[in-house]
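S.K.: Here's a structure for you.
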Amino acid sequence: MTTKLDGKALARKLQEELKVKVTQLKQDGIQPCLAVILVGNDSASQVYVRNKKKVAQKLGIKTIDKQLPQTVNESELVDLVTELNQDENIHGILVQLPLPESIDEDLVMRAIDPAKDVDGFHPFNIGKLFMNKGQIVPCTPKGIMRLLAEYQINLDGKKVVIVGRSKIVGMPLIALMLNANATVTVAHSHTKNLKEITRDADIVITAIGQAEFFDMQYFNSDAIIIDVGTNRNEAGKLVGDVKRDAVMGHVAYLSPVPGGVGPMTITMLMEQTIQFAEERESKCNEKNI
Ligand code: GUN
(Lines of atoms letter the chains of each structure in order from A and count residues from 1; the text may use other names and numbers.)
(Lines give C-alpha, C1' and ligand atoms only; values in the text may rest on other atoms or scores of the structure.)
Protein backbone atom coordinates (compact mmCIF):
# COMPACT_ATOMS: atom_id res chain seq x y z
CA MET A 1 0.00 0.00 0.00
CA THR A 2 1.18 3.51 -0.77
CA THR A 3 0.49 6.42 1.56
CA LYS A 4 -0.24 9.60 -0.36
CA LEU A 5 1.70 12.63 0.90
CA ASP A 6 -1.22 14.99 0.59
CA GLY A 7 0.23 18.44 -0.03
CA LYS A 8 -3.15 19.81 -1.00
CA ALA A 9 -4.70 18.93 2.37
CA LEU A 10 -1.71 20.21 4.34
CA ALA A 11 -1.66 23.43 2.31
CA ARG A 12 -5.35 23.96 3.08
CA LYS A 13 -4.70 23.52 6.82
CA LEU A 14 -1.68 25.85 6.83
CA GLN A 15 -3.54 28.48 4.81
CA GLU A 16 -6.30 28.58 7.44
CA GLU A 17 -3.62 29.34 10.05
CA LEU A 18 -2.04 31.98 7.82
CA LYS A 19 -5.40 33.68 7.31
CA VAL A 20 -5.65 34.16 11.08
CA LYS A 21 -2.15 35.68 11.16
CA VAL A 22 -3.04 38.13 8.38
CA THR A 23 -6.18 39.21 10.25
CA GLN A 24 -4.07 39.81 13.34
CA LEU A 25 -1.50 41.85 11.40
CA LYS A 26 -4.23 43.94 9.80
CA GLN A 27 -5.69 44.66 13.24
CA ASP A 28 -2.24 45.93 14.19
CA GLY A 29 -2.24 48.22 11.16
CA ILE A 30 0.03 46.10 8.91
CA GLN A 31 -1.17 45.03 5.47
CA PRO A 32 1.10 42.18 4.26
CA CYS A 33 2.08 42.95 0.69
CA LEU A 34 3.82 40.93 -2.02
CA ALA A 35 5.13 42.48 -5.24
CA VAL A 36 5.18 40.11 -8.21
CA ILE A 37 7.22 40.87 -11.34
CA LEU A 38 6.42 38.95 -14.50
CA VAL A 39 8.51 39.55 -17.61
CA GLY A 40 7.26 38.50 -21.05
CA ASN A 41 4.42 36.19 -21.93
CA ASP A 42 5.57 32.68 -21.07
CA SER A 43 2.25 30.88 -20.61
CA ALA A 44 3.42 28.57 -17.77
CA SER A 45 4.78 31.59 -15.83
CA GLN A 46 1.49 33.42 -16.36
CA VAL A 47 -0.40 30.49 -14.84
CA TYR A 48 2.00 30.25 -11.86
CA VAL A 49 1.73 33.97 -11.17
CA ARG A 50 -2.06 33.93 -11.48
CA ASN A 51 -2.25 31.06 -8.96
CA LYS A 52 0.06 32.83 -6.51
CA LYS A 53 -2.02 36.01 -6.69
CA LYS A 54 -5.24 34.06 -6.22
CA VAL A 55 -4.01 32.42 -3.00
CA ALA A 56 -2.61 35.74 -1.73
CA GLN A 57 -6.00 37.35 -2.24
CA LYS A 58 -7.73 34.48 -0.45
CA LEU A 59 -5.49 34.99 2.58
CA GLY A 60 -5.86 38.78 2.61
CA ILE A 61 -2.32 39.48 1.34
CA LYS A 62 -2.12 42.46 -1.01
CA THR A 63 -0.30 41.89 -4.29
CA ILE A 64 1.34 44.49 -6.49
CA ASP A 65 1.43 43.38 -10.05
CA LYS A 66 4.31 44.44 -12.32
CA GLN A 67 4.16 43.11 -15.86
CA LEU A 68 7.04 43.96 -18.16
CA PRO A 69 7.47 43.19 -21.87
CA GLN A 70 9.84 40.50 -23.14
CA THR A 71 11.99 43.31 -24.56
CA VAL A 72 12.66 45.00 -21.21
CA ASN A 73 16.36 45.51 -20.55
CA GLU A 74 18.33 44.52 -17.48
CA SER A 75 18.74 48.01 -16.08
CA GLU A 76 15.01 48.79 -16.33
CA LEU A 77 14.26 45.61 -14.43
CA VAL A 78 16.90 46.35 -11.78
CA ASP A 79 15.52 49.90 -11.43
CA LEU A 80 12.05 48.49 -10.79
CA VAL A 81 13.41 46.07 -8.17
CA THR A 82 15.27 48.95 -6.48
CA GLU A 83 12.10 51.01 -6.37
CA LEU A 84 10.20 48.10 -4.76
CA ASN A 85 13.07 47.58 -2.27
CA GLN A 86 12.61 51.15 -1.10
CA ASP A 87 8.84 50.96 -0.69
CA GLU A 88 8.21 50.33 3.02
CA ASN A 89 4.73 49.00 2.37
CA ILE A 90 6.06 46.07 0.34
CA HIS A 91 7.26 43.10 2.41
CA GLY A 92 8.18 40.58 -0.27
CA ILE A 93 9.45 40.79 -3.87
CA LEU A 94 9.14 37.91 -6.32
CA VAL A 95 10.60 37.90 -9.83
CA GLN A 96 9.02 35.02 -11.70
CA LEU A 97 11.61 32.81 -13.41
CA PRO A 98 12.71 32.07 -16.03
CA LEU A 99 13.61 35.53 -17.31
CA PRO A 100 14.25 36.14 -21.04
CA GLU A 101 17.68 34.88 -22.13
CA SER A 102 18.95 38.40 -22.75
CA ILE A 103 18.71 39.18 -19.02
CA ASP A 104 21.27 38.05 -16.44
CA GLU A 105 19.08 36.30 -13.87
CA ASP A 106 21.75 36.38 -11.16
CA LEU A 107 22.16 40.12 -11.50
CA VAL A 108 18.42 40.60 -10.96
CA MET A 109 18.37 38.24 -7.97
CA ARG A 110 21.25 40.20 -6.43
CA ALA A 111 19.29 43.44 -6.84
CA ILE A 112 16.52 42.21 -4.51
CA ASP A 113 16.88 43.33 -0.89
CA PRO A 114 17.78 40.03 0.89
CA ALA A 115 15.25 40.93 3.60
CA LYS A 116 12.46 41.04 0.97
CA ASP A 117 13.65 37.98 -0.95
CA VAL A 118 10.55 35.78 -0.53
CA ASP A 119 11.93 33.21 -2.97
CA GLY A 120 15.24 32.87 -1.12
CA PHE A 121 17.22 33.12 -4.38
CA HIS A 122 19.57 35.97 -3.35
CA PRO A 123 23.18 34.67 -2.99
CA PHE A 124 23.25 35.97 0.61
CA ASN A 125 20.26 33.81 1.54
CA ILE A 126 21.54 30.81 -0.41
CA GLY A 127 24.92 31.14 1.37
CA LYS A 128 23.25 31.25 4.76
CA LEU A 129 21.19 28.18 3.88
CA PHE A 130 24.36 26.23 3.05
CA MET A 131 25.87 27.34 6.36
CA ASN A 132 22.79 25.92 8.13
CA LYS A 133 21.88 29.43 9.26
CA GLY A 134 19.15 30.04 6.70
CA GLN A 135 15.83 31.48 7.70
CA ILE A 136 14.77 32.42 4.21
CA VAL A 137 14.38 29.27 2.19
CA PRO A 138 13.22 28.72 -1.43
CA CYS A 139 9.54 27.82 -1.39
CA THR A 140 9.43 24.47 -3.19
CA PRO A 141 12.21 22.86 -1.11
CA LYS A 142 10.73 24.36 2.04
CA GLY A 143 7.33 22.90 1.12
CA ILE A 144 8.89 19.47 0.58
CA MET A 145 10.57 19.55 4.01
CA ARG A 146 7.30 20.62 5.65
CA LEU A 147 5.37 17.84 3.92
CA LEU A 148 7.88 15.20 5.07
CA ALA A 149 7.74 16.59 8.62
CA GLU A 150 3.94 16.47 8.64
CA TYR A 151 4.09 12.71 7.97
CA GLN A 152 6.83 12.35 10.61
CA ILE A 153 9.35 11.03 8.14
CA ASN A 154 12.71 11.08 9.85
CA LEU A 155 15.55 12.13 7.55
CA ASP A 156 18.49 11.45 9.87
CA GLY A 157 20.89 9.03 8.14
CA LYS A 158 18.45 8.36 5.28
CA LYS A 159 19.73 7.89 1.74
CA VAL A 160 18.18 10.77 -0.20
CA VAL A 161 18.56 11.00 -3.96
CA ILE A 162 17.70 14.32 -5.57
CA VAL A 163 17.26 14.06 -9.33
CA GLY A 164 17.77 17.54 -10.80
CA ARG A 165 20.10 20.33 -9.78
CA SER A 166 18.17 23.51 -10.49
CA LYS A 167 18.63 26.64 -8.45
CA ILE A 168 14.91 26.57 -7.59
CA VAL A 169 14.63 22.99 -6.32
CA GLY A 170 17.65 20.66 -6.44
CA MET A 171 20.38 22.98 -5.14
CA PRO A 172 18.59 24.33 -2.05
CA LEU A 173 17.33 20.84 -1.26
CA ILE A 174 20.92 19.61 -1.02
CA ALA A 175 21.49 22.06 1.84
CA LEU A 176 18.18 21.35 3.57
CA MET A 177 18.66 17.58 3.41
CA LEU A 178 22.26 17.82 4.64
CA ASN A 179 21.14 20.11 7.46
CA ALA A 180 18.63 17.37 8.39
CA ASN A 181 21.53 14.84 8.52
CA ALA A 182 20.48 12.89 5.43
CA THR A 183 23.07 11.25 3.18
CA VAL A 184 22.55 13.12 -0.06
CA THR A 185 23.20 12.07 -3.64
CA VAL A 186 22.47 14.45 -6.50
CA ALA A 187 21.75 12.95 -9.90
CA HIS A 188 21.35 14.97 -13.11
CA SER A 189 21.44 14.75 -16.88
CA HIS A 190 25.08 13.54 -16.91
CA THR A 191 24.56 10.85 -14.26
CA LYS A 192 25.25 7.26 -15.30
CA ASN A 193 23.20 4.30 -14.08
CA LEU A 194 20.42 6.49 -12.70
CA LYS A 195 18.14 3.52 -12.08
CA GLU A 196 20.69 1.81 -9.81
CA ILE A 197 21.16 4.99 -7.81
CA THR A 198 17.47 5.75 -7.30
CA ARG A 199 16.62 2.10 -6.56
CA ASP A 200 19.01 2.15 -3.64
CA ALA A 201 17.48 5.29 -2.10
CA ASP A 202 15.19 5.63 0.91
CA ILE A 203 13.82 8.90 -0.48
CA VAL A 204 13.80 10.05 -4.11
CA ILE A 205 12.97 13.58 -5.16
CA THR A 206 12.31 13.89 -8.87
CA ALA A 207 12.71 17.36 -10.36
CA ILE A 208 13.73 16.93 -14.00
CA GLY A 209 10.72 18.31 -15.85
CA GLN A 210 10.13 15.25 -18.05
CA ALA A 211 6.57 14.00 -18.16
CA GLU A 212 6.12 10.56 -16.55
CA PHE A 213 9.80 9.62 -16.93
CA PHE A 214 10.08 7.43 -13.80
CA ASP A 215 8.32 4.08 -13.63
CA MET A 216 8.43 1.43 -10.90
CA GLN A 217 11.79 0.11 -12.05
CA TYR A 218 13.44 3.22 -10.59
CA PHE A 219 12.28 2.65 -7.02
CA ASN A 220 12.34 0.02 -4.30
CA SER A 221 9.11 -0.92 -2.59
CA ASP A 222 9.99 0.87 0.70
CA ALA A 223 10.84 4.13 -1.05
CA ILE A 224 9.39 7.55 -0.36
CA ILE A 225 8.87 9.45 -3.61
CA ILE A 226 8.42 13.20 -3.92
CA ASP A 227 7.44 14.23 -7.42
CA VAL A 228 8.26 17.87 -8.16
CA GLY A 229 7.69 17.75 -11.93
CA THR A 230 5.03 19.98 -13.45
CA ASN A 231 4.63 18.90 -17.03
CA ARG A 232 1.87 18.63 -19.58
CA ASN A 233 1.42 15.25 -21.25
CA GLU A 234 0.34 14.85 -24.88
CA ALA A 235 -3.31 15.27 -23.89
CA GLY A 236 -2.46 18.56 -22.15
CA LYS A 237 -3.03 17.08 -18.68
CA LEU A 238 -0.83 18.17 -15.75
CA VAL A 239 1.50 15.28 -14.87
CA GLY A 240 4.65 14.86 -12.82
CA ASP A 241 8.02 13.30 -13.57
CA VAL A 242 6.68 10.02 -12.14
CA LYS A 243 4.18 7.64 -13.77
CA ARG A 244 1.75 8.10 -10.93
CA ASP A 245 -0.70 5.29 -11.65
CA ALA A 246 2.07 2.76 -12.30
CA VAL A 247 3.93 3.62 -9.10
CA MET A 248 0.96 4.05 -6.74
CA GLY A 249 0.63 0.84 -4.76
CA HIS A 250 4.27 -0.15 -5.26
CA VAL A 251 6.16 2.30 -3.02
CA ALA A 252 5.73 3.28 0.64
CA TYR A 253 4.85 6.97 0.11
CA LEU A 254 4.18 9.16 -2.90
CA SER A 255 3.70 12.90 -3.15
CA PRO A 256 1.75 13.01 -6.41
CA VAL A 257 1.23 15.57 -9.15
CA PRO A 258 -1.20 17.23 -8.94
CA GLY A 259 -1.97 17.59 -5.23
CA GLY A 260 1.49 17.25 -3.72
CA VAL A 261 4.30 19.79 -3.81
CA GLY A 262 2.55 22.46 -5.95
CA PRO A 263 0.08 23.68 -3.30
CA MET A 264 2.86 23.56 -0.68
CA THR A 265 5.10 25.85 -2.77
CA ILE A 266 2.47 28.58 -2.94
CA THR A 267 1.67 28.20 0.75
CA MET A 268 5.33 28.62 1.71
CA LEU A 269 5.47 31.78 -0.40
CA MET A 270 2.55 33.19 1.54
CA GLU A 271 4.08 32.10 4.85
CA GLN A 272 7.35 33.84 3.99
CA THR A 273 5.55 37.06 2.99
CA ILE A 274 3.61 37.07 6.27
CA GLN A 275 6.79 36.36 8.22
CA PHE A 276 8.47 39.40 6.61
CA ALA A 277 5.45 41.53 7.52
CA GLU A 278 5.61 40.28 11.13
CA GLU A 279 9.32 41.04 11.29
CA ARG A 280 8.67 44.56 10.00
CA GLU A 281 6.01 44.96 12.68
CA SER A 282 8.33 43.87 15.48
CA LYS A 283 11.11 46.18 14.20
CA CYS A 284 8.66 49.12 14.18
CA ASN A 285 7.57 48.22 17.72
CA GLU A 286 11.19 48.16 18.90
CA LYS A 287 11.78 51.59 17.45
CA ASN A 288 8.36 52.75 18.63
CA ILE A 289 7.48 53.93 15.14
N1 GUN B 1 9.60 29.60 -11.59
C2 GUN B 1 9.31 28.31 -11.29
N3 GUN B 1 9.24 28.16 -9.93
C4 GUN B 1 9.48 29.38 -9.40
C5 GUN B 1 9.55 29.85 -8.05
O6 GUN B 1 9.36 29.11 -7.08
N7 GUN B 1 9.82 31.18 -7.92
C8 GUN B 1 10.04 32.00 -8.99
N9 GUN B 1 10.32 33.27 -8.73
N10 GUN B 1 10.00 31.58 -10.24
C11 GUN B 1 9.71 30.28 -10.45
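Heads up, the Cβ atoms here are built off N, Cα and C, so glycines get one too.
I grabbed these lines from TrEMBL:
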- G164, R165, S166, T230: NADP(+) binding site (BINDING)
- 5-119: domain 'Tetrahydrofolate dehydrogenase/cyclohydrolase catalytic' (DOMAIN)
- 138-279: domain 'Tetrahydrofolate dehydrogenase/cyclohydrolase NAD(P)-binding' (DOMAIN)
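Quick one: how deep are these features, and who are their neighbours?
M.R.: Within 10 Å of the C-beta of T230 (NADP(+) binding site) we count 21 further C-beta atoms, all protein chains included. Following the DSSP three-state reduction, the secondary structure of T230 (NADP(+) binding site) is coil.
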S.K.: For S166 (NADP(+) binding site), name the DSSP secondary structure in the helix/strand/coil scheme.
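M.R.: Going by the DSSP assignment, S166 (NADP(+) binding site) belongs to neither helix nor strand, so it counts as coil.
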S.K.: Using a 10 Å cut-off on CB atoms, tell me which of the binding-site residues G164, S166 is the least crowded.
M.R.: S166
S.K.: What mean pLDDT score does the domain 'Tetrahydrofolate dehydrogenase/cyclohydrolase catalytic' (5-119) have in the model?
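M.R.: Over the domain 'Tetrahydrofolate dehydrogenase/cyclohydrolase catalytic' (5-119), the predicted model scores a mean pLDDT of 97.
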